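Following: one structure in structure tokens, then a few remarks.
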Amino acid sequence: MEFPFTINNLFKEKIVKLKYDLLPNGFRGERRDMIDCASKISQILDDMGRASAIAQGLNKPITSGERLRNSEHLVYLLIDPEDMYDHGWTCVVFRGKGTVVGLLKVGSKNLYVYDHTGAHHEVKPLCVLDFYVHESKQRMGLGKILYEHMLKEANVLPQDLAIDKPSENFLAFLFKYYGLEHIIPQSNNYVVFDGFFADRPVTIKKYN
């Protein structure tokens, strides 16, 4: 996704982690620079959040600058610094401004979930709240690059996560790359898979 400012001036890494201050890790600058940077990142989150909602058929976005500012969630953005544009089959143009091609939002949530025996547990897992790769960059393995980065940084396995209202495309992604297919039915909007309860901390509260 393109923006009316140079993405490469904001982000120096291909995968950027953002939190409530809406500033990239290691940002340095005067107050007005911080305000300008946070404003631009808020616009990125707003536009990518809207695009994600449209792609998933949702009535309203899950991700926005304001939502991230007022939460403890994390957003990972995948950047294409080369900003390649296919100008026909004979020519690829490099514009050099950079584009944002993917978004992944995660956060810990207090959940009540059932295991495969029907027992009720109170847990606080890391949850995937939003996941989107721009339509022009899909089926190129970019979603896996972004997802793998998050898994490695959070030090979790794919089956450790709870997924908030996953789309059919997301479920297909999880099966293709991680073999996740056996869903444990829940009474809320979250999806958990076989293996979710393995090696959970003893702080889990269990209700029979």
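Cβ atoms here come from the backbone N, Cα and C positions, even for glycine.
The feature domain 'N-acetyltransferase' is assigned by TrEMBL to 1-197.
Annotated site 'Crucial for catalytic activity' per TrEMBL: GLN56, in sequence order. Within the same chain, residues at least six positions away from GLN56 (site 'Crucial for catalytic activity') with a Cβ under 8 Å of its Cβ are TYR132, LYS165, SER167.
Close to VAL133 (acetyl-CoA binding site) in the fold, though at least 6 residues off in sequence, lie LEU78, VAL101, GLY102, LEU142, GLY143, LEU146, each with a CB less than 8 Å from its CB. According to TrEMBL, the acetyl-CoA binding site annotation covers PHE131, TYR132, VAL133, HIS134, GLU135, SER136, LYS137, GLN138, ARG139, MET140, GLY141, LEU142, GLY143, LYS144.
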What is the one among the binding-site residues GLY141, GLY143 whose Cβ has the most other Cβ atoms less than or equal to 10 Å away?
GLY143
Reduced DSSP assignment, GLY141 (acetyl-CoA binding site)
coil
What three-state secondary structure does DSSP assign to GLN56 (site 'Crucial for catalytic activity')?
helix
Using a 10 Å radius on the Cβ of ARG139 (acetyl-CoA binding site), the other Cβ atoms enclosed count 8
Under DSSP, is GLU135 (acetyl-CoA binding site) part of a helix or a strand, or is it coil?
helix
